[in-house]
Amino acid sequence: MAEAKEIWSAPITPRTGNSVMGTPIVSSPPISCPPSQLHSPSLTRSPLLQSENGDAPNPKNKTPKTPRTPRMSLTPRFITPLGSPMRKALRLTKLDPQDAWLPITESRNGNKYYAAFHTLCSGIGIQALVLPVAFTILGWTWGIISLTIGFIWQLYTLWLLVHLHESVENGIRYSRYLQLCFATFGEKLGRLVALFPILYLSAGTCTTLIIIGGSTARTFYQVVCGDSCTAKPMTTVEWYLVFTCGAVVLSQLPNLNSIAGISLIGAVTAVGYCTSIWVASVAQGALPGVNYNPVKGENSVENAFSVLNALGIIAFAFRGHNLILEIQATMPSSEKHPSHVPMWKGVKVSYTIIAACIFPLAIGGYWAYGQLIPANGGMLTALYQFHSHDVSRFVLGLTSFFVVVNGLCSFQIYGMPAFDDMESQYTKRMKKPCPWWLRSIFRVLFGFICFFIGVAIPFLSSLAGLIGGVALPVTLAYPCFMWLKIKKPKKYSVMWYLNWFLGTFGIGLSAILIAGSIYVIIDTGVNVSFFDPQ
């Protein structure tokens, strides 16, 4: 087998010597073929075959064409119908020219670590600090049950979104939540049911971060400066402005992949302040005279609406679903290596850490403060109100610093869909990428619009129950309908029943939560102070 084989041309040339008729025969030297050409369908047409003198064969003396050998496929013919739908996945990584110009899809070199950083930074935040407030209405048993069901439910819809990002049947990657809404509900209905919640979860969250971040920055200054500080303190609006300027500077990073380091810092600081707050509160013990009996209203109607408002607060604690598709869009995808595999790995790690933060925070906070926990601010306000002299200034200052840094980092990832939308309006009209100076103007403009809203409506962060009800379908309901529309599970199967039930129940629950939250706001009142942040 190791010997070189010789391939003889056909027809066979007579050899020299005496034939049967006695005529001389002229011999022809054998033509050897390089090993790479041994399996060539037609050696006579190969340019590697040379004549005896080493020159290329004369093109005038062409060998008659032979029938072309049929192309052999490595896939058996009977498997082709099964494999053909998967071949559509090869188109998943093809970028629309406009997508290559936008900040979400500009870079597609993400990985499972980037996914974990972004998901953790967007999935946990200051809204988790008000979870013990919901426990004051629901009590121990129903508070823990509601929190557990909410966590499992939102984790399931998160799994749906991760697997809906790539449509093998259509060969499409849904890189934005709103795109998937349009594919499910149609463009008109999609805008009607999803545009406002998604807009709030982007711009509204950034506004809330300015309010909380600016107020906490003022607290950090007071803790560090101490009672003996003689410097003139800045006003709350000035602190809002300082926070906004820092957020706008960080927002100049070009795309979602470029802020992976920012998201890592945001994730670390979020875990840091959640852990430090509940550990410091539990270490000081339960407050004297603490009571764990659920708060009761004057009548059954008031009790029912209070429970609904508490459920809205729990729903408000789970956020980030509107960013999952955008985060996954930063990853490469192919038939053999679909993006949902590393994305789901990153999600599992991040939500394990999230669960390790929010459950001790809710349970430990309610144990430490009970009914005394402030409704506005939750655990952070309670720590300063009840333990400002018991806990060291270092712990208080570090906690405040973590909250401010996390707010700056979260602003970047929640503002990215708004940046993407503004730049897409330019690229659609001009048919070219957005220049760097216009991109900077867009982001500065967005930051200061959020600043203006924060100054005009400084009580926005106290509407947790209402906001949770408005945003609940994005997290818990719409992904179920998207799965039914895109994946088309078998009728009357388990997935069909489950998604119809969860989707319908989520829409109904959202409507009830909004009504209950509005009733509670009207009944108990909110400290409304337009253009007067305290």
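Every residue, even glycine, has its Cβ placed from backbone N, Cα and C.
Feature annotation from TrEMBL assigns compositional bias 'Polar residues' to 37-53.
According to TrEMBL, the domain 'Amino acid transporter transmembrane' annotation covers 113-521.
Sequence annotations record features per position, and here TrEMBL assigns region 'Disordered' to 1-74.
If you look up TrEMBL, you'll see 113-134 (among others) marked as transmembrane segment.
Taken from TrEMBL, the feature transmembrane segment covers 140-162 (among others).
As annotated by TrEMBL, transmembrane segment applies to 192-217 (among others).
The annotation transmembrane segment is assigned in TrEMBL to 260-283 (among others). Panel annotation: around the transmembrane segment (260-283), residues 110, 113-114, 116-118, 120-122, 124-125, 128-129, 250, 253, 350, 353, 357-358, 360-361, 364-365, 367-369, 379-380, 382-383, 387, 391, 395, 398-399, 402-403, 405-406, 408-410, 412-413 of the same chain, lying at least six beyond its termini, place a Cβ under 8 Å from a Cβ of the stretch.
Per TrEMBL, the feature transmembrane segment maps to 346-369 (among others).
Sequence-distant contacts of the transmembrane segment (394-415) (same chain, at least 6 residues past either end, Cβ-Cβ under 8 Å): 118, 121-122, 125-126, 201-203, 205-206, 209-210, 212-213, 216-217, 219-220, 223-224, 243, 246-247, 250-251, 253, 256, 259, 262-263, 265-267, 269-270, 272-273, 276-277, 280, 323, 380, 383-384, 388, 443, 446-447. What TrEMBL records for 394-415 (among others) is transmembrane segment.
Sequence annotations record features per position, and here TrEMBL assigns transmembrane segment to 436-457 (among others).
Taken from TrEMBL, the feature transmembrane segment applies to 463-484 (among others). Sequence-remote contacts of a segment are chain residues at least 6 beyond its ends whose Cβ falls under 8 Å from one of its Cβ atoms, and for the transmembrane segment (463-484) they are 127, 130, 133, 153-154, 157-158, 160-161, 164, 177, 180-181, 183-185, 193-194, 196-198, 200-201, 204, 308-319, 321-322, 495-496, 498-500, 502-507, 509-514, 516-518, 520-521, 526.
Positions annotated as transmembrane segment by TrEMBL: 496-522 (among others).
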